[in-house]
Amino acid sequence: MAFMISLIILLFLSTIQSVMPYFVKRTVVFGVSVPEQHIQDERIRAYKKQYTMLTIAVSFFMILIYSAWAAFKQPSDEAVIFIGTIIEFIIIFISLALFYYYRGKMKQYKRAEKWAQQLKQVAAADLTVHSEDSLPPWYIYLLPMIVTAGLMGYTIYQYDLLPQQIPTHWGLSGEPDAFTEKTPFTAIQMLLFLLLLQLMFLGIQLGMKFSGIKLSATNLSASKNRQLALRKSTSWFSFYTVLLITMLFSYFQLTTIHPDLFNYSLLKALIPFGVMFLILAGTAILMVIVGRSDKYPSESMEEGLMDASDDKYWKAGLFYFNKNDPSIFVEKRFGVGWTINFANPVGYLIIFGPLILILLIAFLFQW
């Protein structure tokens, strides 16, 4: 089971990393903005293909070695997960190194072609686009929060039924393998952390709602389709993820109070595995929906123009710093989804505030 879970994650990660250049915004290649008129340039297509083939080759080699090691050595589940995690980081590191290698080549090619000098740079705005935005309402996040609060109340009500050792971690078999002493806080600490996580996702949802919609002046329809698809899909995916995590934590909490509630051993392993599978499947669907949203042939394209470049605001091609942009979140330059505007302190508060609070609470109640 441990090997199968690690293998699925490795295959998923390798696939995602390999095809990433084909799912990002069409006018961004390895973190470098490219005029709409040149996105089918032969050299650019070659760079993307080379990145994909190299990432696939490296990932396949690493997975092959990992599989052979697991087959011949017959290691423990802990060793399988540990080595699998190391290989995941190696694949991420190598794909990131390839990203920066081809980013350097793209920057050189862009300078050599002098696109910025040959084309007039313009910015576009559509004051009506927000009316087409179909984000889920913020208050739907109250549903999982109410469930969490209800479970807290139920846990306190059933406090005497709780074991003297409260589970804090569950293994691949679905059985708890780490414990802490029973106290009023430890009885509900997992649910408290879940509530903070739900608040963080709610903050991200609100941050996305009040972030700007960036359009392309040279291909307004394609950029609008992508922005609307990105906002709608990522918002619903965030809520979908919150629901799954809430269900998983609720399952763990209920089995702590009532150990015989899910006494079928296979079910104990299948529930956490099922949640992981559903999140991975949702991620893949999200990538396809957003990645394809701006890849259809353009009905009209403005000649002699290119979008105003914001390359200078993207540090290392991945980190966005723009004090003049009030947006809290912006679309990633490499990947599907959002990153924060590191020049806007609200983003730090939304992302890191709940995480710091979780760590602080856990640290204080250890003593």
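Going from the start of the chain as shown, residues are counted 1 onward.
Cβ atoms are placed via backbone N, Cα and C, with glycine included.
Here's what TrEMBL has on this protein:
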type	residues	note
DOMAIN	148-189	domain 'DUF1648'
DOMAIN	323-348	domain 'DUF5808'
TRANSMEM	51-72	transmembrane segment
TRANSMEM	79-102	transmembrane segment
TRANSMEM	138-157	transmembrane segment
TRANSMEM	191-213	transmembrane segment
TRANSMEM	233-254	transmembrane segment
TRANSMEM	266-290	transmembrane segment
TRANSMEM	346-365	transmembrane segment
| field | Ranked first among 51-72, 191-213, 233-254 for CB pairs under 8 angstroms with the transmembrane segment (266-290) | value | 233-254
| Composition by DSSP (helix, strand, coil) of residues within the domain 'DUF1648' (148-189) | 19 helix, 12 strand, 11 coil
| Within the domain 'DUF5808' (323-348), how many residues are helix, strand or coil going by DSSP? | 4 helix, 7 strand, 15 coil
| task | State the residues, same chain only, that lie 6 or more residues beyond the ends of the transmembrane segment (51-72) and have a CB under 8 A from a CB inside it; answer 'none' if no residue qualifies. | result | 3, 6-7, 10-11, 13-14, 17-19, 21-22, 30, 80, 83-84, 87, 90-91, 94-95, 98-99, 102
